[in-house]
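The structure under discussion appears below in the form of structure tokens.
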Amino acid sequence: MTIRDPRWVFKERPSVGLIVGLVLAGLCALASFSFDLLDGEPVRFVIALILAIAPVPLLLAAVLGLDRLEPEPRSNLIFAFAWGAGIAVLAAGIINSVGLLYISHAANLELDDARGIAATFGAPLVEETMKGLVLLGLLRFRRQELDGPTDGIIYASMVGLGFAMSENVSYYVAAQSGPVAVQSLAVTVVLRGVLSPFAHPLFTSMIGVAVAWAAHRHGPGRVFILLAGWVGAMLLHGLWNGLATYGGFPGLVVAYLVLMAVLFTLIGLVIRDRRRIVALLQRYLPPYEPTGLISGADVTMLSSLPARRHARQWSKAHGGRAGLRAMSDYQLAATELGLLHERASRGGVGESVFYEEQRALLECMRAARASLPAPPSRVVRFGPQQPPQAPPGQWPQQPSQPPPGQWPQRPSHGPYGAGPYGGPGQPPR
């Protein structure tokens, strides 16, 4: 009989549908870039592509830095970015171009005048809808990954960064076509790549927060909050485009201040959500102490980002890459265990699924602890050398296989996930 690898619970392996989606997104990105290449000379396109891609690693690091407590599956993040860079930008570009021509002919306007109207009223509707579709897909097919507003912001930001990168290529190519190409390109790069690199992520984060909220709600209120997030994204996008188009420099300053207000609001949401997750860990993990897989010191370590980082550094220093991987797996599994209990307490996961994932997470924690460097109490000294010092807040003894009978069984009372089974200080049963 083949034993299933418990790491399946981390959902790292991409599904067939996800792979197909990535291929489709890649083809759409190539099609979008081909249009940009046809609009300008190859040299201009290469310059634009380099300038658009250059800041992306730094921007991605900033976004992913918000998600250090419970990192999202890489495959989901890659797909969200690819959707924005490929499918969303190509579809929006085609629809926006058709809309621009329609406005110009229907209202008998010059192309420049029609472009301002389309940018203010048409582009926000089209672009936020195209970007938001992948977030609705996550709500439908990957709801379990949306544990709070931070997750919605992360996925929305990935979509927005991908979209902005591909869109910037088009803008940078166009900026090089005028008589003052260098100056025009410099201004465009400063405005789009330096002053407002997070504009699209901020717009779409309105939808991301709404999707994350709707993921754990039932009833007609879900539809209302999704519509509110979608409208909020469009209004914010339209306000930015409108003030930048018609307001001159003062309008641009006002638009920038609005974006900064939204940015700080979202950062506040992330900080609050992080505290919520820490509280969940402190509530749900202590009852697992009798299993030997976690201690009070471990909970303290898991509740602090600096302590988590120090524990990973210690594991890498004394156990190499394998030690680092083991510590990372332990931290992720323990965090997911706390979030699993919260989802169950809200009725967001079925009882059979709860026990299946709970058992897999506990097995991941056991395997990870068994692979960690031995703490001082288990180190055999040879001569005067000193044993590796365990990181502050780390476990005081070498873990072992949990004693028989301490693996969680179905509860004899109380709803699953409602609290620690067996009462305080007892192993979950």
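Just so it is clear, glycine is given a Cβ too, placed from its N, Cα and C backbone atoms.
Values in this document were obtained by computation on a predicted structure and should not be read as measured data.
TrEMBL has this to say about the protein:
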COMPBIAS  385-406  compositional bias 'Pro residues'
COMPBIAS  416-429  compositional bias 'Gly residues'
REGION    373-429  region 'Disordered'
TRANSMEM  16-33  transmembrane segment
TRANSMEM  45-66  transmembrane segment
TRANSMEM  78-104  transmembrane segment
TRANSMEM  116-141  transmembrane segment
TRANSMEM  153-174  transmembrane segment
TRANSMEM  194-216  transmembrane segment
TRANSMEM  223-243  transmembrane segment
TRANSMEM  249-271  transmembrane segment
Maximum Cβ pairs under 8 Å to the transmembrane segment (223-243) - stretch from the list 45-66, 116-141, 153-174, 249-271: 116-141
Selection from 16-33, 116-141, 153-174, the stretch that has most Cβ pairs under 8 A to the transmembrane segment (45-66): 153-174
Intrachain residues whose Cβ lies under 8 Å of the transmembrane segment (116-141), provided they are six or more past its termini: 17, 76, 79-80, 83-84, 87-89, 91-92, 95-96, 99-100, 103, 107, 109, 152, 155-156, 159-160, 163, 200, 203-204, 207-208, 211, 214-215, 226, 230, 233-235, 237-238, 241-242, 245-246
